[in-house]
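First comes the structure, then the notes that go with it.
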Amino acid sequence: MIKICGLPAALVAGLFLVLAGAGATVLAQTVLAQTALAQTALAQEDGAPATPLPVEGTAPETEQTEAAEVRPPEEVPAAGTSQSGGQSGGSAFSEPDDGEETAAAKPAEGEETASAEPLGPINATSSAPATDGPSAGLDAGLDAGLDAGLDAGPDGPIDPSTLQSLDALHQALASKEQQVAKVQQQLVEAQDSVTREELANRLRELRAELAENRRQFDRFALEIDLSPFVEEQEQPFDWQQELSKLLQPILAELKSATAESRAIAELRGQIETVGERKELAEQAVERLQWLLEQEPQDSLRGHLAERLEHWQRIANEASNRYTALDLQLQNKLEQRQSLLDETTSYARSFFQTRGLNLLLAIAAFSLVFFGVRWVAGRIMRVRKPNAEQQFGSRLTLLLLHAFSILGGLLAMMAVFNAAGDWFMLGLILIFLIGVGWASIKTLPSQVESVKLILNVGTVREGERVVFNDVPYRVDSLAFRAQLSNPELEGGVQQLPVRDLVGYHSRPAGGGEPWFPTRCGDWVELEDGLLGQVAHQSPSTVRLTDLGGAEIVYPTSRFLNQHPRRLSERFRIVERFGIDYRHRAVATSEVPRLMQEALDAALPTLLDAGQLLAVSVIFESVGTSSLDYRIEVQLDGAAAPRSERVRAAIQRILVDACNRHDWTIPFTQITLHQATA
C-alpha cells in the first residue's frame, strides 16, 4: 500500500479534498454574508423600518415574542379572531382544507365570522394598512435571514446586525399577516362565486408564503432544525417541472438581455397591425362618402351618415394609435445603443452582478483540480519503481484524475449554490446533463479507454502493435500512450489513449525487426525502383536512386511495395536459352562452358569479395528453346551495380554462344491450314 508520511495515500487524498472543499465554501459564505449585511443596511436606509410597525389589536411586544416561540403543529395557538373576540384553531405549518375556506366564505347565519387560518398575533379587522406586494423589509429580511446567521451564542453578546435582521424579518412577517387578513376579509364579504374562487386561491398562496416566512424567522432566531415540526405531503417526481425550474433563471436572464430588442419588435408588430386597420378604416370612410355623394333616399342617407360617423371614429382612433406607437418606436430606436455598446454594457453588468461568484467558483475549481493533481503527482514520485505495472497504482491514479474534474465541478456548484446564483448553477447543470447524454453513445469506447489505462485491455505495455500500418512498441499506457519505433527517425509518438481503442497488441518475437529497412540500405521495390534509403520516419520514406534523384513514399505505401533489402547479400537470377539443335550437349557441356565464361568475366566488373558464387542450371524445355537459370550471389556492397551485373550476364552468355557456335532461338509461330 502506498503511504505518505506514514498514512495511506487514499486517506491523505481524501483529507486534502475535504479541507479544500471546506475552505472554498467558507470563503464563499464569508463574502456573501458580508454582502447580505450590506444589502440589509442599504434597504433600511432606503426606508425599511428597523422596528416592527404597531398593529392594532395585537398583543404587547412581550406577548408577541412569546407567540413567536416554535411549538409543534398541534400546539400552535389560533391567531385570527372574529369581530366578537372568538378564535379559530389551526397550525402555523399546515394549510386548511377546502372545507375551512368554504366556511370562511359562507358563514352560518347568526354566527360570528371567524378566520379560516391562524394569523399569529393580529386581528382580522385590523386597521393597519395592508400592502399588495412585499415591502422593503421583506427583501432585506429574507436576504439577511438566509445568509448572515447568528454571530454569537446564547451566552455571548449579540451582533447588532442580528437584531436588525430579526426586526426586518418581523416587519416582513407583520406585513404578510396584514395581507392575509385583508384578503380573508374580502373573501368573507365576496358575493359571487367567481370572486370567491379568485380570493380563495390568492388566500391559499398568501398563507403558504406566511407559513414560510414564519419558518424562516424561527430558523434564524432559534438556529434549530424545524423539519420534525413540518408535515409535508410527498409530491410525485415530475422531471418536466424540475427541468422548467432549472431553466427558469436562464430564460429570465435571456429575457433580460433581449428585453429591448423584443420591445422594439413588439412595437413594430403593433404598428403593422394598427396601420392595416387604419388603411381599411380610411377606405371605408372614402366609400361611405362616395355613397353619400350619390344623393340616396333620406332613410338610407341617415343610416349611411351614422355608419360614416362610426368609421370616421375608428379611423381617427387607429390614426392616433398609429402615431403614438410610431413615436414610441422612434424613441426606442433613438435610445437604443449600438450592438457593441449593448454587448459591452451587458458584459459589464454581468461581471458586476456575478463577477464575484464567477471568480470564487473558478478559484474553487482550480484549488480542487490542481490540488488533486498535485496529490497524484506526489503519489507517482514516491511509488516503487515497478509500481506502474501494478493494477492498484493505476486504479488510484485514474480515480484521482477523474475526481480532479468532478470535484472541481462540485466545488463550483457549491459556490454558486451558497451564493444563490441559480443562473450559473443552472448553466453548469445543463452542461453536465449534455455531457452525460452525449457520453451514452460513447460509453463502450470510454469503457475500453479505461481498460487500456488500467493495462487490462487489448493493447498492453511492452508489446508490439501495428498503428497506421507501422509497427510500434508500447512504452507506456496512461491517459496518454507512448509508442516508439527505434528504426525510425522521430519514431516516438504521444497520443491519447482513446486512439488505441480497437487495436490489438502482441508480444514481440525474438529478433523481430521493427522496420524492414534502415537508413543507408539499398532496396529494390516491386515497381522495379532501385535506391538507397536516405530517410525514414513514421510518415515518409525517402529514397535516392542511382542517378541521385530522390523519391518520397508515404510509409504505408513504401511497406506495401514489399521492399527487397540488398545491403547484406542478395542474389541475381537471369534466364538464357539456346536452340533445340544443341540438345545433345545441352545438359552437360553447355552449362559447364557458360559457368566458366561467367566466372572469368564477372570478377572484372566487381570489387574483390563482392562476387560470392555463380551457378548455371538447366531449368526447362521451353516452347522454342532450351532454358537455363543463372544465379549470381553477391555481397551487399555490390548492390549499386546490380543492374550492370544483370546486363553483363546476358552479354557474357551471348559471347559464349558466338565462340561455341550455339544458336540463339527466337519465338516461332507455326500456322496450320485446315483441310476442307
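Each Cβ is built from the backbone N, Cα and C atoms, and glycine gets one as well.
Please treat TrEMBL annotations as automatic predictions, because they have not gone through curation.
For 166-223, the entry in TrEMBL reads coiled coil.
Marked as compositional bias 'Low complexity' by TrEMBL: 56-67 (among others).
Summarising the annotation, TrEMBL assigns compositional bias 'Low complexity' to 76-85 (among others).
Per TrEMBL, the feature compositional bias 'Low complexity' maps to 132-160 (among others).
Annotated region 'Disordered' per TrEMBL: 48-163, in sequence order.
The transmembrane segment annotation in TrEMBL covers 355-376 (among others).
Here TrEMBL flags 397-416 (among others) as transmembrane segment. Long-range Cβ contacts of the transmembrane segment (397-416) within its own chain (Cβ-Cβ under 8 Å, at least 6 residues beyond either end) map to 13, 17, 20-21, 24-25, 28, 357, 360-362, 364-370, 372-373, 375-376, 379-380, 422, 424-425, 428-429, 432, 450, 453-454, 478-479.
The transmembrane segment annotation in TrEMBL covers 422-440 (among others). Residues 246-247, 249-250, 252-253, 354, 357-358, 361, 409, 412-413, 416, 446 of the same chain, all 6+ positions outside the transmembrane segment (422-440), place their C-beta atoms under 8 angstroms from a C-beta of that stretch.
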Across the coiled coil (166-223), the model's average pLDDT, rounded to a whole number, is 87
